[in-house]
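Asks: Features from Swiss-Prot:
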TRANSMEM  53-73  transmembrane segment
TRANSMEM  77-97  transmembrane segment
TRANSMEM  123-143  transmembrane segment
TRANSMEM  146-166  transmembrane segment
TRANSMEM  168-188  transmembrane segment
TRANSMEM  205-222  transmembrane segment
TRANSMEM  316-336  transmembrane segment
TRANSMEM  340-360  transmembrane segment
TRANSMEM  384-404  transmembrane segment
TRANSMEM  410-430  transmembrane segment
TRANSMEM  460-480  transmembrane segment
TRANSMEM  482-502  transmembrane segment
ACT_SITE  Cys537  active site
ZN_FING   537-575  zinc finger
COMPBIAS  619-628  compositional bias 'Polar residues'
Amino acid sequence: MAAKEKLEAVLNVALRVPSIMLLDVLYRWDVSSFFQQIQRSSLNNNPLFQYKYLALNMHYVGYILSVVLLTLPRQHLVQLYLYFVTALLLYAGHQISRDYVRSELESAYEGPMYLEPLSMNRFTTALIGQLVVCTLCSCVMKTKQIWLFSAHMLPLLARLCLVPLETIVIINKFAMIFTGLEVLYFLGSNLLVPYNLAKSAYRELVQVVEVYGLLALGMSLWNQLVVPVLFMVFWLVLFALQIYSYFSTRDQPASRERLLFLFLTSIAECCSTPYSLLGLVFTVSFVALGVLTLCKFYLQGYRAFMNDPAMNRGMTEGVTLLILAVQTGLIELQVVHRAFLLSIILFIVVASILQSMLEIADPIVLALGASRDKSLWKHFRAVSLCLFLLVFPAYMAYMICQFFHMDFWLLIIISSSILTSLQVLGTLFIYVLFMVEEFRKEPVENMDDVIYYVNGTYRLLEFVVALCVVAYGVSETIFGEWTVMGSMIIFIHSYYNVWLRAQLGWKSFLLRRDAVNKIKSLPVATQEQLEKHNDICAICYQDMKSAVITPCSHFFHAGCLKKWLYVQDTCPLCHCHLKNSSQLPGLGTEAAPQPPAGAEQNIVLQEGPEPPDHESPPGTGTQEGSGDSSEHINRGSASQEGAADAGEGPQIPEGEVCPVESA
């Protein structure tokens, strides 16, 4: 059953490719120039070419037929192709019969065939060919009435009966007319089939639109036609034909530089129409998806394909190529200029793929560094991929500077490549810190601050580079050629890569500064209080040799509570808000009210405390979230069962503000 479904899926794509190729040919065909050539040739007196408007209408009819063939259901499409194959077989039978009659006329032998070996060979060959044609037609049309397709065997039967050659010519014409009448009868009996199909399709479309809407109809057609795979196969067929036509006319092998130029020019030739450009877009998307999938497989093996929600990657690269092609008018350029521009666009796509590879590798590498996994092979794969992502973007930027004149798009490529290398450098630095901490007996103090400073340095460099790109783009727009699309790209780049990043970075800095001030304002627990409390930190589940006390009388490690406050300003246990006393109205400089001496030291909550890295603070990025992982907080975790002991004392309602005295 699976094999049948796969075969149907292959047929669903393969049978629709010719319709897109026909659309592509009709787009390339210039009817006006075609008729100008006809007027200058000897075909001008042909009645078929006297009616130009009829040919123009036939041009549009070709578009309609192509769209109909593209959207036909698979069952009807298969049936249509079977009818077409049957027509080809009948034409082949007609050709076999005509060639046989012509050969007999040239030989002028009218005697018994068994007395003439050449005549016998011709008869045997023609008979076998006609039998094969009749059998295939019967199988394709699924009928046992084989005589319907055997009219072209009449000249063979007449020759076997020693009929004169002049009469055999007449019999051959009769067989041709009989077969033509059969075809006309079949077409006439199915004349209303297209109308009925269109009527039923219209009724079904109206029902779907009324019930589900136009968006659901579009998604259904997209999935049924398998549009991405269909256009990718169409473009690959065009590209293969282009390569074949080149090598079939060349006798000498091409050099390496010539092969690279051939590759670019072939791609440029295969994106000269909107249909072929869409094919290139989907092909690039699938190539990017394949590269990113191989990247995950290299890092994680078969575990990469288990519950992977990000298998829709690759569309970013395809959309990028489409936007750049439309913005630069790619399909309107000459082949050489198109190949040059396409090389720049492909560089941008490669830079985007490298950035996506880094997005995949970054959390995996950091998680591997923070874990206790001793597998050298896993560490080798992670580090080798990071080294590749460190060296290759820098090499690509160097080659671009060597061979191209600098402009706005090349600056975007170079800046993206440099930022990718810098981000990989930061990832490797944090990975080395994790590995150093792994071999130490005690955790490294202020590790989260080091990670934050590393990420902050990278984010600052990224912000500066984005700002430089915007400044260069604005200057080029003002003093160079101004376009609406270019201005929109600069505006979008400024909003997402400059303004939003600046906001997130500043917000992250304020959160960390506020968390540090709050920790400094909390009292430090004495040794007597720790012995009396006799509990573990409710965040990292480790024994407390030093701790700070919240206004709600909860004990935490200062570092653990600081990480928690990076995310939210509530107590991890009772969830009351921790604010400075100066921020609360009516409190003035009075000391904050403290619970009674016998108040509970820990409160059993219905919800367990969330880890401090449960929600990544804005602007810190993936690396900081990985650095603040539970492996860093807890390097030999105790049992979670002792996280909180039930105690007696007043409950603090959730959401109540707990003032924190200013230091």
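Heads up, residue numbers simply count up from 1 along the chain you see.
Each residue, glycine too, has its Cβ placed from N, Cα and C.
Worth saying up front: this structure is predicted, and the values here are computed from it rather than measured.
Context for these features, please: burial, neighbours, distances.
Replies: When Cβ-Cβ distances below 8 Å are used as the criterion, the transmembrane segment (146-166) is approached by residues 89-90, 93-94, 96-97, 100-101, 104-105, 108, 110-113, 123, 126-127, 130, 133-135, 137-138, 172, 174-176, 178-179, 182 of the same chain, each at least six residues removed from its ends.
Sequence-distant contacts of the transmembrane segment (168-188), counting only residues of its own chain at least 6 positions beyond either end whose CB sits under 8 Å from a CB of the stretch, comprise 87, 90, 93-94, 97-98, 101, 104-105, 148, 151-155, 158-159.
Tertiary proximity for the transmembrane segment (316-336) is limited to same-chain residues at least six positions away from its ends with a CB under 8 Å from its CB atoms, namely 265, 268-269, 271-274, 277-278, 280-282, 284-285, 288, 342, 345-346, 348-349, 352-353, 356, 409, 483, 485-486, 489.
Sequence-remote contacts of a segment are chain residues at least 6 beyond its ends whose Cβ falls under 8 Å from one of its Cβ atoms, and for the transmembrane segment (340-360) they are 264, 267-268, 271, 284, 288, 291-292, 295-296, 299, 313, 316-317, 320-321, 324-325, 328, 330, 333, 385, 389, 392-393, 396, 400, 404, 409-410, 412-413, 416-417, 420, 423-424, 427, 622.
A Cβ distance under 8 Å defines the sequence-distant neighbours of the transmembrane segment (384-404), meaning residues of its chain 6+ beyond its ends; these are 295, 298-299, 344, 347, 350-351, 354, 357-358, 361, 365, 410, 413-414, 416-418, 420-421, 424-425, 427-428, 431.
Long-range Cβ contacts of Cys537 (active site) within its own chain (separation 6+, distance under 8 Å): Asp543, Met544, Ala547, Phe555, Phe556, His557, Cys560.
DSSP states for the zinc finger (537-575), grouped as helix (H, G, I), strand (E, B) and coil, give 10 helix, 6 strand, 23 coil.
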